[in-house]
Amino acid sequence: MLPRPLRLLLDTTPPGGVVLSSFRSRDPEEGGDPGGRAVGGGQEEEDEEEEEASVSVWDEEEDGATFTVTSRQYRPLDPLAPLPPPRSSRRLRAGTLEALVRHLLDARTAGADMMFTPALLATHRAFTSTPALFGLVADRLEALESHPPGELERTTGVAISVLSTWLASHPEDFGSEVKGQLDRLESFLLRTGYAAREGVVGGSADLIRNLRARVDPRAPDLPKPLALPGDSPADPTDVLVFLADHLAEQLTLLDAELFLNLIPSQCLGGLWGHRDRPGHSHLCPSVRATVTQFNKVAGAVVSSVLGATSIGEGPREVTVRPLRPPQRARLLEKWIRVAEECRLLRNFSSVYAVVSALQSSPIHRLRAAWGETTRDSLRVFSSLCQIFSEEDNYSQSRELLMQEVKPQPPVEPHSKKAPRSGFRGGGVVPYLGTFLKDLVMLDAASKDELENGYINFDKRRKEFAILSELLRLQKECRGYDLRPNSDIQQWLQGLQPLTEAQSHRVSCEVEPPGTSDSPAARTPRPTLVITQWTEVLGSVGGPTPLVSWDRPSVGGDEVPGTPAPLLTRLAQHMKWPSVSSLDSALESSPSLHSPADPGHLSPPASSPRPSRGHRRSASCGSPLSGNTGEGTSRSAGCGGGVSGPGSSDCRIIRVQMELGEDGSVYKSILVTSQDKAPSVISRVLKKNNRDSAVASEFELVQLLPGDRELTIPHSANVFYAMDGASHDFLLRQRRRPSAATPGSHSGPSASGTPPSEGGGGSFPRIKATGRKIARALF
């Protein structure tokens with residue numbers, strides 16, 4: 001770095017700019033502003049010629065207060081220059097309430113301890129009341145009436161400045177309870193003549209006028225509740241009617257209004273942590289309103305997924321709408337999409353409300369519904385859960401709050417790139433629970449008073465640092481520009497959330513504990529495309545018309561009872577629409593079923609809904625008979641037919657497994673032309689929660705009409721070895737070698753009895769029968 005005289009001679013600074021020659025970060029508590037700039041005209045120039053040598057810290061006791069003194073000894077860069085005197089600064093660490101007020105009204109505090117005044121005004125309710133603090137200020141001024149005029153004028157000027165700052169930053173502190181203290185202050189100003197004086201105390205008249213406007217018996221304006229009395233309960237499943245981004249914007253609008261009305265000082269751990277104590281129900285109304293909104297959003301998620309509406313406080317005072325797993329999966333996907341849109345809007349309060357509701361026990365245990373949810377939705381849900389992970393003290397959510405929103409470039413009103421539905425600029429709504437937890441933990445970890453009875457003001461400084469972050473976020477929250485939507489807000493107002501007991505009972509009715517928690521229910525089932533199960537096709541193509549999920553029904557063109565809609569969906573590999581396609585359909589088609597119509601949620605109950613888990617394609621292309629009446633009258637036990645060229649290479653079989661005293665359980669298994677008996681046996685064992693390693697100890701037996709059995713050889717291909725007359729099988733322990741049981745078959749060569757006329761045989765037996773016929777004819 002060039003010496004200062006040489007820098008002054010060589011003026012190389014370009015016009016309108018400044019050359020940075022050196023810098024040193026400063027403590028904002030030690031005479032500098034928060035940006036690190038020193039207070040004082042020539043302080044920077046003096047610092048350029050010095051470098052810090054040593055720092056000493058010690059405590060001092062003075063008039064009921066403990067100060068932390070920091071002394072910095074600087075050494076000049078010029079070794080021949082004399083050593084300058086050390087620079088000292090004092091911070092109040094602890095003291096009595098009277099000592100805090102004296103330090104507050106000390107004219108030197110503004111420059112030496114900048115953060116003391118805002119920290120005291122923001123946190124004083126944790127250890128005293130506003131009337132008590134205001135009264136001590138009036139006492140201090142009255143005690144100085146006999147002092148020299150200069151000291152009285154300086155102290156009065158500081159008091160007017162402090163009270164003006166107090167009124168501007170915390171107007172909620174001034175209510176009817178401080179009327180007596182205000183009268184004392186006004187009397188003091190009139191008595192001493194400062195009320196009409198200009199200059200340092202010239203703002204006293206305006207201060208008294210503004211304080212009088214605030215000090216009245218009127219109650220503060222609280223946020224309006226969301227639920228209006230007399231409204232009819234809304235159907236929670238109507239969430240499917242609204243677009244996800246529109247619903248997210250309305251939630252953000254409500255959350256932003258509540259967050260802007262939040263009083264940060266009411267979040268203090270000494271206040272919020274004691275809210276449940278007797279006589280404290282009136283504390284922290286702005287925080288309670290925010291928490292109520294959070295719980296209402298979470299309750300809306302639980303109610304809609306369960307399809308239940310509360311009509312009372314009792315566990316059974318609930319109206320439940322019957323929903324099947326595919327329908328609940330659509331609701332899960334919808335709320336995941338809403339949470340993602342809230343994340344894009346930086347509304348972390350509603351994001352966590354939706355995520356916590358989906359993670360709650362009544363919803364998380366619905367494994368059948370989660371199994372029907374698309375992988376994309378599950379991936380988005382996992383990323384949202386990661387945002388609020390407790391790892392590293394919610395580090396990821398804190399980092400997202402710290403990120404600044406890049407200003408959007410101006411766009412034309414009719415441009416295709418214009419922001420959607422009123423979102424302009426960038427705001428933020430934090431999840432308040434993170435800050436409440438920090439403040440409660442800080443309150444529990446630090447003592448309110450030291451051993452000598454002094455107020456621990458270092459604790460209040462740490463609390464004020466957290467409150468300052470809330471104040472910063474409130475300023476950023478004003479960046480929203482959203483418009484209310486009456487339909488969505490009316491629906492939100494009409495929701496009646498379930499109690500914890502009600503939601504648990506409804507969830508257990510939807511999926512009893514034995515089914516949802518079993519290992520079999522936790523195993524994802526593959527998606528199957530069925531073309532040879534005539535019973536299912538007949539039931540789908542029966543008298544109930546099929547409702548397409550891909551687009552609204554236009555009615556009239558499709559004849560009820562035909563399987564054509566199902567074939568169309570099978571050709572599309574059963575791709576159910578995501579939430580985005582649902583939104584577009586709802587927006588574009590006025591012919592969509594109304595929310596009260598259960599048909600708009602899913603296919604009819606007779607249609608088998610494949611799992612949304614792991615999709616698996618199967619080459620099943622055999623044509624179906626156009627005679628639907630024949631298809632509906634057939635049973636699964638007599639369908640099928642002989643495999644051959646042009647027919648399907650996969651079948652659905654029903655396997656019964658003997659479980660001893662527990663009875664029998666049937667499982668449906670997809671058998672392809674490549675499956676051997678051991679692989680089929682292993683899959684059946686896995687589906688019945690048995691060890692597949694013992695597959696060699698079991699045998700697969702086909703149950704034929706007339707109480708006959710066909711034992712599938714262990715090395716045979718099940719698809720070709722089975723009799724086409726039946727799809728029913730039995731899995732049992734392998735029997736020891738013994739005489740064949742009359743009426744049973746152990747394979748093609750075990751019996752000379754030909755297959756029954758009504759059903760087809762296996763391919764080797766068909767060839768043997770053909771040879772016999774040829775020999776008889778020729």
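Backbone N, Cα and C atoms are what each Cβ position is placed from, and that goes for glycine too.
According to Swiss-Prot, the protein carries these features:
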type	residues	note
COMPBIAS	1-15	compositional bias 'Low complexity'
COMPBIAS	33-42	compositional bias 'Gly residues'
COMPBIAS	43-59	compositional bias 'Acidic residues'
COMPBIAS	581-592	compositional bias 'Low complexity'
COMPBIAS	620-632	compositional bias 'Polar residues'
COMPBIAS	738-756	compositional bias 'Low complexity'
DOMAIN	88-212	domain 'N-terminal Ras-GEF'
DOMAIN	243-513	domain 'Ras-GEF'
DOMAIN	649-736	domain 'Ras-associating'
REGION	1-59	region 'Disordered'
REGION	503-524	region 'Disordered'
REGION	541-564	region 'Disordered'
REGION	581-647	region 'Disordered'
REGION	735-769	region 'Disordered'
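Segment contact holds for the domain 'Ras-GEF' (243-513) and the domain 'N-terminal Ras-GEF' (88-212), given three or more CB pairs below 8 angstroms at sequence separation of 6 or more.
Note on the domain 'Ras-associating' (649-736): DSSP counts are 24 helix, 38 strand, 26 coil. Residues of the domain 'N-terminal Ras-GEF' (88-212) grouped by DSSP class, helix first, strand second and coil last, total 90 helix, 8 strand, 27 coil. In this model, the domain 'N-terminal Ras-GEF' (88-212) carries an average pLDDT of 86.
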